[in-house]
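Undergrad: Before I ask anything, here is the structure I am working with.
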Amino acid sequence: MTMITDSLAVVLQRRDWENPGVTQLNRLAAHPPFASWRNSEEARTDRPSQQLRSLNGEWRFAWFPAPEAVPESWLECDLPDADTIVVPSNWQMHGYDAPIYTNVTYPITVNPPFVPVENPTGCYSLTFNVDESWLQEGQTRIIFDGVNSAFHLWCNGRWVGYGQDSRLPSEFDLSAFLRAGENRLAVMVLRWSDGSYLEDQDMWRMSGIFRDVSLLHKPTTQISDFHVATRFNDDFSRAVLEAEVQMCGELRDELRVTVSLWQGETQVASGTTPFGGEIIDERGGYADRVTLRLNVENPALWSAEIPNLYRAVVKLHTADGTLIEAEACDVGFREVRIENGLLLLNGKPLLIRGVNRHEHHPLHGQVMDEQTMVQDILLMKQNNFNAVRCSHYPNHPLWYTLCDRYGLYVVDEANIETHGMVPMNRLTDDPRWLPAMSERVTRMVQRDRNHPSVIIWSLGNESGHGANHDALYRWIKSVDPSRPVQYEGGGADTSATDIICPMYARVDEDQPFPAVPKWSIKKWLSLPGELRPLILCEYAHAMGNSLGGFAKYWQAFRQYPRLQGGFVWDWVDQSLIKYDENGNPWSAYGGDFGDTPNDRQFCMNGLVFADRTPHPALTEAKHQQQFFQFRLSGRTIEVTSEYLFRHSDNELLHWTVALDGKPLASGEVPLDVAPQGKQVIELPVLPQPESTGQLWLTVHVVQPNATAWSEAGHISAWHQWRLAENLSVTLPAASHSIPHLTTSEMDFCIELGNKRWQFNRQSGFLSQMWIGDEKQLLTPLRAQFTRAPLDNDIGVSEATRIDPNAWVERWKAAGHYQAEAALLQCTADTLADAVLITTAHAWQHQGKTLFISRKTYRIDGSGQMAITVDVEVASDTPHPARIGLTCQLAQVAERVNWLGLGPQENYPDRLTAACFDRWDLPLSDMYTPYVFPSENGLRCGTRELNYGPHQWRGDFQFNISRYSQQQLMETSHRHLLHAEEGTWLNIDGFHMGIGGDDSWSPSVSAEFQLSAGRYHYQLVWCQK
């Protein structure tokens, strides 16, 4: 044990937090989570241990601007002005200091290993009681599961130790410091340390004791470590559980270790042995270690599909059977290996349906509770995810147990990121920083290696490629050869990775960056000598209204076996709750706490909002990742299962044939599909509709019974086909009425019964409509070529740093947002049964014509207004965001009804999950409440739209809400939006894709850009 004077002044003088060679003082060695059961049955059933005591709850707390400001007296007693704070928590979430959101830029001046003199410091203290029995025998430990970023610990006024690495436990022996009865802990937490230079992750920078604190009482002679691994024969019919156990304390001849393996209530295997390990070299072996091997016939294999678990109980006892203590862990029999360029689990090539997940809670910051963790896992499973990357640090210990039990593949990632360094490998190639990096990698492996869900180790994130990475790669491969290692830094295909694991590489487009090119994922596989699998560690940047082009990735994954999937960036928006002056909560992002530097809303890249409400894009991910694929030939549906291990035993296939959303026939067939098998379903002869319309066959795979992660009735997969329809023509009903045209100097006015249409001759716009005496429009019907910018449109542009390549900057520079209409033509003609208004406009900016829009409005005797639009786009202007029409309707109706793709928001490059049907939703549901307001709520493939007294028919896209594009564009946060008068309607003949390969460069694929020079569309507007 390192001995240091208890004086605070001496501790401060040492400045351990500015010494990369000091990562801990007196911290105990890493190991899997312990409970020290004194009853083996409690260990088997994972009941709470009487030897493990939580110290979570209210602690005393005082905040200081720097450690030097902490008074020496605090070591002995609480300060008069100390407050209370909940542990675990981030102190910034309790009004102390401010959270800082930054992506790449370090939040402190870069001068490693030194940190600012103004180094916010939190002083925690807790008074607790210890029973005399804990002091008479054994060892009492204190475990801090997570403290950011470094801390010193005192007990009863005496210095105990020091720890850093905010995402792994720091554990200390308190035995020599405790007394029977009342004891006092004092923990001094520093916001910044030299470890902060290794923790430059894209997240909020927060501080404090943010994970659990507990006391653990172990016997004097104790289990100090244990590790389980599974080995198999070629066909997985026989397995061996290999358990390595290490003890410490008095090594006596009478000591024995028993490892028993349980499957539920049944003991499958057991073995007992005295201590004395295998011979290592000519000097012998380890006297305090032992390896046991238990044979298991026909093991129930673990996978994310079927997470079969056994329970291993490790008992330390005497020869006569007297139990000293027991430890235990869940065991999953599974094998991970790379063979012939494929990542295999239990001999089958995996397809990673993955997502990156930060530990984030909108109210609690980086504090994770079990309820939130389970909620995340259930949502992931329900949306066809099978893997999660712990980005970018080891997670709360409970997370891995839950992934074991519910079934998720885990990439466990070391808490190392130096993204803000120049060059990025400045520290990771420096041997002075190897001890700090080594602690972060080795301790992660030692803590988590018993978890079957952990199938890949990661050396960290965005830290370049240095010699330290190569050393740590070799260490992992020597200690745990059962798992591959991945690391993206330095180009994603260095010597430090078993898997090509790029981030944001595109399907077909090379990005030839200097030193670290990102090849297209298809090309990467064919590079000379490249035989590794490719799994994208990050792709599909889900920032705001995004995930366009996601289907292209999944087409490639299914086409090329060595393209084995990837991890979407990312799971949850990292917004935080703030309160306005009236106590109303609102969602905040970078800069909202006065934090500098900050990267604004770049913290919100989630498939779900911070409160776990899904983004519409989550449905697209679910659909593309679904485990059943479908093919239609005539009346035959072929269902293919992509499950590797699971036989469909809880699935029904529902099919429906509908004409314009009206069901004509339906049925239900049980699915009985072997893993990777097929089932052919023959449909009956389908009825032929008598009327015209779109005929669609829709299939849904429904789970009739509840599972551990889904309720009964859960839909896991679906598909639609448009069927051939009989050719027929429905003639409009004859009308004897003829609209009446009145011409004045200012207007053309058309009347028919109780309806009137007014066209302004000076503007050329439809300026008003009446039904009876009620006006229908608050603004004229105008052409529209812009949208409120998406995050993907903005890229890295901001007020102080313009990216001229970003779509929004190109649109602004070209004048798309400022364009004014110059009237070229506005005429009226009376036809035999209708009135025809013809208009033409040149949309100009600073004398330059950007668009020419020609429209005809044909109002017939039935009251229908048929609108025909032709648009010419100037060849030298950027491709527009949309080509459509917009107006502000006077009504506010409760519901919106449409025939088209839905029900969720969808866009041209993100619509594979949308179904064609007749949908009816509240108006409020047509708006997607992205925290950073933008274009939202589009519905594509629309044949009919009904709202209030109005109906629109044609083939168009629309969005409808209380917010104008102008307001969405000018507003920084959703809570600042105000419902405008009436309802804003946008009807588009064409709309550009949204992109999403990344959010900092134009990522809309060419096929989804509006690159043609001419566009034509039609629609009919009438009243019901």
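Glycine too: its Cβ is placed from the backbone N, Cα and C atoms.
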Undergrad: Going by Swiss-Prot, Asn103, Asp202, Glu462, Glu538, Tyr539, Ala540, His541, Asn605 bind substrate; tell me which of Trp984, Trp1000 is listed for that site too.
TA: Trp1000
Undergrad: In whole Å, note down how far the CA of Asn103 (substrate binding site) lies from the CA of Asp202 (Na(+) binding site).
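TA: Taking the Cα atoms only, Asp202 (Na(+) binding site) lies 4 Å from Asn103 (substrate binding site).
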Undergrad: Closest of the recorded positions to Trp1000 (substrate binding site), Cα to Cα, picking from His358, His392, Glu538, Asn598, Phe602?
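TA: Sorting the recorded positions by distance from Trp1000 (substrate binding site), the top entry is Phe602.
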Undergrad: Measure the Cβ-based neighbour count of Phe602 (Na(+) binding site), defined as the other Cβ atoms within 10 Å of its Cβ.
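TA: 23, counting other Cβ atoms within 10 Å of Phe602 (Na(+) binding site).
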Undergrad: Report the residues of the chain - excluding Glu417, His419, Glu462 - with C-beta within 8 Å of the mean position of the site's C-beta atoms, for the recorded Mg(2+) 1 site, in sequence order.
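TA: Once Glu417, His419, Glu462 are set aside, the remaining close residues are Val104, Asp200, Gln201, Asp202, His392, Thr418, Gly420, Met424, Gly460, Asn461, Ser463, Gly489.
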Undergrad: State the Cα to Cα distance, in Å, between His358 (site 'Transition state stabilizer') and His419 (Mg(2+) 1 binding site), rounded to an integer.
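TA: His358 (site 'Transition state stabilizer') and His419 (Mg(2+) 1 binding site) have their Cα atoms 17 Å apart.
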Undergrad: Near Asn605 (Na(+) binding site), which recorded positions out of Asn103, His392, Glu417, His419, Glu462, Glu538 have their CA within 10 Å?
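TA: Those near Asn605 (Na(+) binding site) - Cα within 10 Å - do not exist; the answer is none.
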Undergrad: In this structure, which of the binding-site residues His419, His541 has the fewest other Cβ atoms within 10 Å of its Cβ?
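TA: Selected from the binding-site residues His419, His541 on minimum Cβ neighbours within 10 Å: His419.
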Undergrad: If you measure from the Cα of Tyr539 (substrate binding site), which of the binding-site residues Glu417, Asn598, Phe602 is the nearest?
TA: Phe602
Undergrad: Nearest to Glu417 (Mg(2+) 1 binding site) by Cα, among His392, Glu462, Glu538, Asn598 (recorded positions)?
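TA: So, spelling it out, the nearest of the recorded positions is Glu462.
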Undergrad: Please name which of the recorded positions listed here, Asn103, His419, Glu462, Glu538, His541, is nearest in space to Phe602 (Na(+) binding site), Cα against Cα.
TA: Asn103
Undergrad: Can you tell me which of the recorded positions Asn103, His392, His419, Glu538, His541 is spatially closest to Asn598 (Mg(2+) 2 binding site)? Compare CA atoms only.
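TA: Comparing Cα positions, the candidate nearest Asn598 (Mg(2+) 2 binding site) turns out to be Asn103.
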